[in-house]
Amino acid sequence: MRLSLANKLSFLYASLIYLFLYMPIAILILYSFNQSKLNAVWTGFTFDWYLKLMQNTEVLEAMKTSLVVALISTIAATMIGTLAAVGMYRYQFRGKTALDAMLYLPIVIPEIVMGISLLALFSQFEIPLGYLTLIAAHITFSIPFVVVVVRARMAGFDRSIEEAAMDLGATPWGTFIKVTVPIIAPGILASALLAFTLSIDDVIISFFVAGPSSSTLPLKIFSMVKFGVSPEINALSTLMLVVTLFLVIIAERIRMRKN
Amino acid sequence: MSGLMVKLQHLVKQFGTQTVVQDLSLDIEKGEFLTLLGPSGCGKTTTLRMIAGFEQPTSGEIMLDGQYVHNLAAYQRDVNTVFQSYALFPHLTAYDNVAFGLRVKKVPKQEIEKRVKDALRLVQLEDYARRKPDQLSGGQRQRIAIARALVNNPKVLLLDEPLGALDQKLRKQMQVELKHLQKQLGITFVFVTHDQEEALTMSDRIGVMNQGFLEQVGTPAEIYERPSTKFVAGFIGETNLLHGTVRTRDHQHLLVECEGVQVKAPSANVAENESVTIAIRPEKSVLSLEPSHNEQLVQLNGRLTERIYCGGSTRTIVTLHSGQTFVALEKTDQLLPAAVGDELFVQWQPNHGVVVTR
Ligand SMILES: Nc1ncnc2c1ncn2[C@@H]1O[C@H](COP(=O)(O)OP(=O)(O)OP(=O)(O)O)[C@@H](O)[C@H]1O
Ligand SMILES: [Mg+2]
């Protein structure tokens, strides 16, 4: 089979796009297995950096903080955001359009502004910076994303299905649990995943609201990078990447099965 | 029939400034098959939704089995609905869809199993129990929706155009099956449709709705033979409407002047000089080439303008001298030997006309 010139060009074009997208990540992963301390020359394969990482208590501590914060804030944001999305879908009231828009607004507010204002808020009420403030901040910036994703899932939702459940004797709450949630579950799951990823890799807002004893993984990486990008950081980043990918794949599989 | 099942008293429903149901009062007997019939947008679904509890009436009262239900939510009412769109639960199998209501009511497991199986057998879908709704055909989904509602043994079953999405053949078949089911189970059916033929064949009584008003309630024969308003006469089946003014009346007949012609009509509760409309069904009229000398017949003449073949019968359209068109029905194998443009006479018995004033 011979390709025409146009076909060759579009093949080249597509290849370049993918190269552009994945080359940096590939290099990062590659050099996390490099024996040399320099990110410039390949001297041989090793797992050393990963082992070293596992002995670095500061990194482990940061990892734990990140996971705890991400887990709690994901659960809370998903619950709050889902209820908000369902409420906005279900009820009509005065001023709904404005309130609806205000739910999405935080998505476009610059993170640095969010970070500073949260910090201002916490100091106003004299809340000590730490786990609590981190979790509260992560919940705050995750909610709008959850609402967007769940709302998108609700768009094709037939209201009469809920009515059918109530017609058959289910209470409003029973209807929500037995009918609404299972039907929009893929959306809820996707939004939880999004919230988790957002939380895991947030730097700017966390930078403002994390206390001295509650550094998250990205913050830790950030401070390590100040002394140059070491293979240890490559290893850490690779691990983060693997975990995130793993979560995405699981969520995607659940979504496929539901459909 | 043993007493009242549903009583609607002066129901009014407004959405914003629009009044969708206007002062609707209706009594439905236990075990009755009552159909709400009317054109699209006349308020049928809204009426049904008020009975089910999905809409609160703006004013008026609803009684179910002797109990006022205005403060009962939908899930507390002993009524089940078959939705216009079926509204099956997409994430549950046919079996679980049907079992939903019983599980909610915490019916014992063995009993659920038995009743769901019976319900599925009733709609002849036992073999499809494990399928999800999107693996069922339209007709099968519809039957699952019926089974899901019926399995709860409701006092009243509300059906909102349940056959709307089916093809003609399946529709006819389901009409028979539904009617049969209803007789067999003795459940009160409130059935909504905009298909007048469906209403006529299935119902014990029909309520004809128009723009939120209940125009007439009666048996199919009453509605068809003695429509009480112009709207009902025109909506149910095909009909010819002649507008005129009452000239004289005696205890047996009216003489109505329609466009300069005197038309005899059966006596009705109207005054002289009142404007009335006479409705004549196409099949009640006879066409003839010669004028009849029978003084008792009503007779109008006009010209044949069109013949429309409808299988066994032919619709023949005659333009009267007044310019109005009149539709008559002929047997296709006994057509009058007349061609388009020929002069002919339309005749009928005076008491086959129906006088309506509204
Ligand atoms: N929730 C609502 N808000 C505002 N208007 C409504 C609402 N529901 C129905 N209406 C209006 O009420 C009128 C009657 O609607 P309804 O659904 O009862 O009609 P219908 O007789 O069932 O018609 P169809 O045969 O098309 O189903 C329509 O004009 C409709 O636009
Ligand atoms: Mg309707």
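Every residue, even glycine, has its Cβ placed from backbone N, Cα and C.
Over in TrEMBL, the protein carries these features:
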- A:12-33: transmembrane segment (TRANSMEM)
- A:63-251: domain 'ABC transmembrane type-1' (DOMAIN)
- A:67-89: transmembrane segment (TRANSMEM)
- A:101-123: transmembrane segment (TRANSMEM)
- A:129-150: transmembrane segment (TRANSMEM)
- A:188-213: transmembrane segment (TRANSMEM)
- A:233-251: transmembrane segment (TRANSMEM)
Recorded stretch, among A:12-33, A:67-89, A:101-123, maximising Cβ pairs under 8 Å relative to the transmembrane segment (A:233-251): A:12-33
Outside the transmembrane segment (A:12-33), six or more residues from its ends: residues with CB under 8 Å to it: 39, 42, 45-47, 49-50, 231, 234-235, 237-238, 241
The transmembrane segment (A:188-213) versus listed stretches A:67-89, A:101-123, A:129-150: most Cβ pairs under 8 Å: A:129-150
Distal contacts, the transmembrane segment (A:101-123) - CB-CB under 8 A, six or more residues away: 84, 88, 129, 133, 136-137, 140-141, 143-145, 147-148, 202, 204-205, 207-209
Contacting positions for the transmembrane segment (A:129-150) when only residues 6+ beyond its ends and CB under 8 Å are counted: 65, 68-70, 72-74, 76-78, 80-82, 84-86, 88, 103-107, 111, 114-115, 118-119, 122, 184, 187-188, 190-192, 194-195, 198-199, 202, 205-206, 208-214, 216
